[in-house]
Amino acid sequence: MKNQLIDRLTRYTTIDTQSDPKSTTTPSTEKQWDLLHLLEKELQQLGLPTDLDENGYLFATLESNIDADVPTVGFLAHVDTSPDFNASNVKPQIIENYDGKPYKLGNTKRVLDPKVFPELNSLVGHTLMVTDGTSLLGADDKAGIVEIMEAICYLQEHPEIKHGTIRIGFTPDEEIGRGPHKFDVDRFNADFAYTMDGSQYGELQYESFNAAEAVITCHGVNVHPGSAKNAMVNAIRLGEQFDSLLPDSEVPERTEGYEGFYHLMNFEGTVEKATLQYIIRDHDKKQFELRKKRILEIRDDINAHFENYPVKVDISDQYFNMAEKILPLPHIIDIPKRVFAKLDIPANTEPIRGGTDGSQLSFMGLPTPNIFTGCGNFHGPYEYASIDVMEKAVQVIIGIVEDTAENN
């Protein structure tokens, strides 16, 4: 199977599908259609009925091969790649039997070094796909697409493996947070699903952050500095004051595990107007609400010293902890746990310090945990994929549909 995985991942990663947060269309970029149309053709060649809508959501069905009434399970992956780094002219490189030593990426000065990326130490002996140092790889999430496609191929070649109806979904714009925005849960028509969008071997994730964005706008009064006493209000300094009133220890670089944070993403402005953009994250719903409340309290504390209330706050929720919707349905987690145990894969159920499409889909009526893909260092030139771990991910998909049919 390794050769098929390498061939398919190479073909998919060399197609530029970078999304664009500034775009208002869905998909956000025309080039995502290139991969969507290819996948549609390949699924049809496998004999699967497909449904590609005007927003770039590609669904397909592998029909049940048993008479029993068993749940319909779905598998999802996203076609877009991150806008954080160059995604064009991707030139995948193969490392056979990785020796655990630093590896120079193409003709660049970039080096994939286990001292910097210690997770590489667990991949000694693996076949790796890496970049040439000039682009990201796009294994996030084309590895997930490959794993789903190869699992479907395997199931068709092995009709002795009994399974219920399987739904497949390839979606746009996950990297810019819009993946589920136009996802039609009713049209997808699965009882539950799994995103193949994790990272390290053994990840089985069903807890995510609660997430919000806060935009703080500070309005100043610009007066000639020579006569500014008791008249000037410097919006930049108001922004600095606002940020200083947030807990210094509750930032991404000083938190881990279940610890939440405030993250100042952008701060720009002039004396007259300054804007601060934060993301707010916490796994605990009560703490999440308290964090948003603290933002409003700081606004009020600063505004109390002025007559014209110069600080404005706009908070918008982005997604919520999917555990709230998944934990009441324990079979959705028990199924992959049994499969992991059967395959001798140690399950890592640590919470996601982020979100997936499943975070939103779970609240839209489709409970959707996340499973490892075997890739790492996403969104940059050090991205890699372990073909060996990808092979395990394919086995997990096959095991999930088999277990669902057996245990109903």
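Just so it is clear, glycine is given a Cβ too, placed from its N, Cα and C backbone atoms.
For D80 (active site), the Cβ neighbour count at a 10 Å cut-off comes to 30, with all displayed protein chains included. The annotation active site is assigned in Swiss-Prot to D80.
Annotation comment: Swiss-Prot describes E174 as active site, proton acceptor, evidence class sequence analysis. For the recorded site, E174 (active site, proton acceptor), the DSSP three-state label reads helix.
If you look up Swiss-Prot, you'll see H78, D140, D197 marked as Zn(2+) 1 binding site. According to DSSP, D140 (Zn(2+) 1 binding site) is assigned to a helical segment. Non-local neighbourhood of D140 (Zn(2+) 1 binding site): T81, S82, E175, D197, T373, C375, F378, H379, E383, each in the same chain, at least six residues away, with C-beta under 8 Å from its C-beta.
What Swiss-Prot lists as Zn(2+) 2 binding site is D140, E175, H379, and the listing cites sequence analysis. With a 10 A radius on its CB, H379 (Zn(2+) 2 binding site) counts 17 other CB atoms from all the protein chains.
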Between D80 (active site) and E174 (active site, proton acceptor), the C-alpha gap once rounded to whole angstrom: 7
DSSP three-state assignment for D197 (Zn(2+) 1 binding site): coil
Cβ within 8 Å of the mean position of the Cβ atoms of D140, E175, H379: remaining residues of the chain near Zn(2+) 2: T81, S82, D84, L136, D141, F378
E174 (active site, proton acceptor) versus H78 (Zn(2+) 1 binding site) - Cα distance in angstrom: 6
Extra residues within 8 Å (Cβ to Cβ centroid of H78, D140, D197), Zn(2+) 1: A77, D141, G144, E174, E175, T195, M196, T356, D357, T373
